[in-house]
Structure formats: structure tokens, C-alpha cells
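Below is one structure; the comments refer to it alone.
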Amino acid sequence: MEEEKTPHADVVVFELPVITQETTDGDLTVVLQPTSDPADPLNWSCFWKRIILIQVVAMSMVAAFASSELGPGYGLVAKDFHIPINTATYHASALGTGSAIGTLLWTSVADAYGRRLVYLITGLAGFLAVIGESLASSFGVLLVCAAFKGLATAATSVLPPLSIADIFIRHERGARIGLWCFAVLKTNFRRDRGALGPVLGGIMMHAWGS
């Protein structure tokens, strides 16, 4: 890949896969462009790009639901494990702690080993953590499973924007990022804003709770 010197001493402009645009104030904007390689994600067909987008959005919605559906049921948790309801809310703290660690971890792992591997690992880990929560025999086990669930589902908070940027050119990303944000926000915590996770979780607990 050849390089071209510019009047800006600290700026080097490369040929493809980037182009540069000069702004009115003389600064240079670098814009990524597809290469000639058919394996370049930016060159994939619209069909496959949409399939990947649907998968990413769906996985994020499932993770958001799994992270928020227990919110209305802390009273049942307190009753089942014979603990104060304030103690039952430690579940949210364990979930948040795992999520905080995961958001720092998964981006670096994905950059080093690829997005697909992280999606597969965290998807399986999140599934097992939810099963563990449902079978928990003590509140301590529930907290451990919640922490691992937060760690796993954190991947869907940080990787989807990167995946969208991998396969869509800059001017195509806005609507896709907006769709992902809308799906996650309408599934996650805020009951006062019509989030589906706590609402559906409350219905399930009302129907099948102890």
C-alpha cells in the first residue's frame, strides 16, 4: 500500500481502502472504503448483511430481556430464599458488576480473536447462566449465576456497533445503529418507558410464580 505525503507533517494519506476529504478549514477526513477483496465484509451481499444485522439485534434483545425480566420478581426471590427483599436486590448488583467487567473485556478479546468467537462463547455462557439461575438452590448460587450472566450479556452492549461498522459503509450505519438501540432500549430496564423485559417478566411471574 503506497503512501502520499500531505502538507500536514503528521498526516499520511494511504491509497485504498481509505480516501480523504478536505474540509473547509483544511483538515483531512479519512473515510474507509471497501477493498477489491470479495472477503471484505464491506463487499458482502445485502442479503448476508441483513441476516447478520437481524442476528445481532435479536441476540441483543434476548440478552436485554434476560438481564431485566427478574426485576419485578424480587419479592418472590425474597420469599423463596427467606431473605429480606432489600437483600434480594443484590441480584441487580451482581448482574451489574459482571456487566461492567464484561464491557471492558469483550471488546479487546473480539479485536484480538474475532467477533464471531466472542458471540459464540458469550451466547453459550449466557444461556448456561440463565439455566443456573433457574435451578439455583441458594441465594448465593443465584448471585454467582447473575454475575456470570452479566459478564456474558455485556458482549451485546459493546460488540453490535462494531459489527455494524464492519459490514456497512459509514453513511449506511446510522439507521442500523438506531434499530439496534431501539430494540435494546425497548427490551431493557425502563418500565416507565414501555420496556418489554420487565413487563413480560412480570406477566410470567404472575402466571407461574410461587
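The backbone N, Cα and C atoms fix where each Cβ goes, and this holds for glycine too.
Between the stretches 31-49, 88-106, 183-201, TrEMBL puts its transmembrane segment entry on 88-106. In the predicted structure, the domain 'Major facilitator superfamily (MFS) profile' (52-210) carries a mean pLDDT of 87.
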